[in-house]
Structure formats: C-alpha cells, structure tokens
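Per Swiss-Prot, the features are:
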type	residues	note
REGION	1-32	region 'Disordered'
COMPBIAS	14-26	compositional bias 'Polar residues'
REPEAT	64-93	repeat 'ANK 1'
REPEAT	97-133	repeat 'ANK 2'
REGION	129-166	region 'Disordered'
COMPBIAS	150-159	compositional bias 'Acidic residues'
MOD_RES	S150	phosphoserine
REGION	186-242	region 'Disordered'
COMPBIAS	204-228	compositional bias 'Basic and acidic residues'
COMPBIAS	257-270	compositional bias 'Basic and acidic residues'
REGION	257-294	region 'Disordered'
Amino acid sequence: MSNPSPQAPEEEASTSVCRPQSSMASVSRRHRRERRFRRYLSAGRLVRAQALLQRHPGLDVDAGQPPPLHRACARHDAPALCLLLRLGADPAHQDRHGDTALHAAARQGPNAYTDFFLPLLSRCPSAMGIKNKDGETPGQILGWGPPWDSAEEEEDEEVSKEREWRQKLQGELEDEWQEVIGRFEDDASRETQEPESFSAWSERLAREHAQKQRRQQLEAEGSRRPPRAEGSSHSWRQQEEEQRLFRERARVKEKELCESRARRAQEAQGDRGPAPPRARPRAEHPRGAGRGSLWRFGDVPWPCPGGGDPEAMAAALVARGPPLEEQGALKRYLRVQQVRWHPDRFLQRFRNQIETWELGRVMGAVTALSQALNRHAEALK
C-alpha cells in the first residue's frame, strides 16, 4: 500500500507564492515603461513615445507627478500636448494639488492661450468647473471671475429680484437660440433661408428687456415713495439711451458686414476672371455659403469702432451708463455689461461666427475688456 506523496502540498504552496511575484513583476515592468514614455516626451522623442504606447497599449498616459499634460503646459511643448490628446490623455486629470491641465495652461499667461488652453478646453469643456485644493477654477486663474449664475452674495430685495429675472431671461434666450439652431439643422433647405441676423437678435433682446422693465416700473409706481420717482425716471432714461446706442451700433456693424461680404465677393469674382453676361448676383451671400460670413477682429461689435485699448472700451461703456451719483443704477448697469462681455458667455454664443485664426486675438481682447469691467465694478464697492 503506497503512502500519498508529501510533495503535493509543497507544489501548491510554491505555485501560490509565484503568482503574486509574477503580478508584482508585471506591475513593475508597466511602471518602468510609463517612466520611459515620460522620458521620451521630455526629450522631445515623440515618435519613440508613440511607438512605445502602440507596443504596450495598456500604459497609463496620465501617470506620473506631475502628469504629462501638466508638464507639456509648463514647458510650452505644444507638439507633446497634441500627441497626448491624440493618445487619449484626460484634461480633467488632477495632480496632487488638485490642478488639472487647464489650471497649468492658465498659469502660463496669455501667450499660452491659443496653443494650450483652447485645445484643452475644446477637448473637455467640463474641466472649467473643476476646483483645485485652493478652491480656484481655471477661469479664476485667468481673471475671468466666477459666472454670474454661480455667484453667492447678499443683496437687497430689489437687486435680488432683478438678478433672478436676468437669469430666467438668459435661460429662456438660450433655450430659444438652441431651438432655432436645431430647426435650421433639421431643415433640408436651410441653405436657401437666412437665419436671424445679429442686428435683429440684438434689437429683439433690447425690445423685450424694455417691455419687461416698463411693466415692472408700472407695477412698482404705486408702492414707491415720491423722492425716488425722479431717480427712477432718470435711471430709466439712461437705460433707454444705452439700449438705443447698442441698437445703433449693431445696425452699423451689420452694414459693415454686408459691405465686407460684397467687397470679398467682388475680389473673388475678379480672381476668377470676367464672367459671361448675366443677371447681377446679390452682394450678400447666404449664411454658411462661404468664409465671407465669418467675423474678423474688426467685425466684432466692440464698444469702440475696431476694438482698441480694453481700458478705453471699458471707459466708453461706463460713460454710457448712469452718472456716478447713482451708485445702485451704475452697479446694475455694470453687471449687465459684465455678463455681456464675460469670456465664457461670449465664446459660447459667438464662437462659430468668428474666423478660426482670429479666435485667439478676439478672446484675448474680450478677456482684457472683461477684466477692465471687473476693476471698474470693484472700484464702486
């Protein structure tokens, strides 16, 4: 009768010991390859880095402290940033300080806005709302300030009602704008139709705002005290004058756009040579028919014609508002202008209307104008 072999438990024990050792060796190899991948990026050997990731697709392109995207922004290495985004790097990945790649790009100043900040923002817009351990968002580092729909400040009853109405109006306008865009996208014949122009949209917005303000003024006339009636009428006249100037500037800008489109069409016709005799075409092309419908820097409806110094544009906007003696009315007027020229709002609303190669210059001017308006508002506190 043969006894059971005592080597069986020993073999099982050796197998169980080898398994974690093999797993640890695999993890160690992966970490070495990830370090090699980061060294290739730092040395500018992008082809080697891409080939290494193709041979070992399981590597984590966001591994390391700081992560590779943060290093590329800090070194102003635009090719490495483009390669990392193409390989699937996450712009929302945070380092040990809670910073995302957008935080790192924002700290590099205005020179890094076009090559680093805009590509990261286009890949992951939601990262704009991520705060680091200091409670800062990328927009706050750039000096944009918090969006007005997230500001938490104690105000009196009248200002609170106006802010609530402004947020409601903004939401309705955004919903209506999205609905208009969706209708034109679903319509097969949209090339033969003209969507609502910028001047018509601005006039409609000003008209609805004036009607709303007039209704609120009529409802509140019975409850307001006589000494405040004169100040209210004066503030109302200031608002009407500001709206009239805004509509006039929008009409002038629309006229300039039409002349610019006609001039570009004539230049294009001259490059193609004389055309056979036929009926003269319309000078204004349908929207979306060519690049002539997109804005350049001078086509943007700046507060001053052609743009210029941000401080001068901010001073022009303040000069159109109520006098300095009416602090409350002037603060409300400045809040309206800050919302209108906030970089996030401007980029969301007009990004598709601006030439791509002019986008960085336009957004730089809008950011500077927004910061100048913020300084004027801070001076009134």
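Quick reminder: no glycine exception, Cβ is built from N, Cα and C everywhere.
Note that the structure is a prediction, hence the values are computed from the model and not measured.
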Please work out the helix, strand and coil residue numbers for the repeat 'ANK 2' (97-133) from the DSSP assignment.
25 helix, 0 strand, 12 coil
Per DSSP, what is the helix/strand/coil residue tally across the repeat 'ANK 1' (64-93)?
16 helix, 0 strand, 14 coil
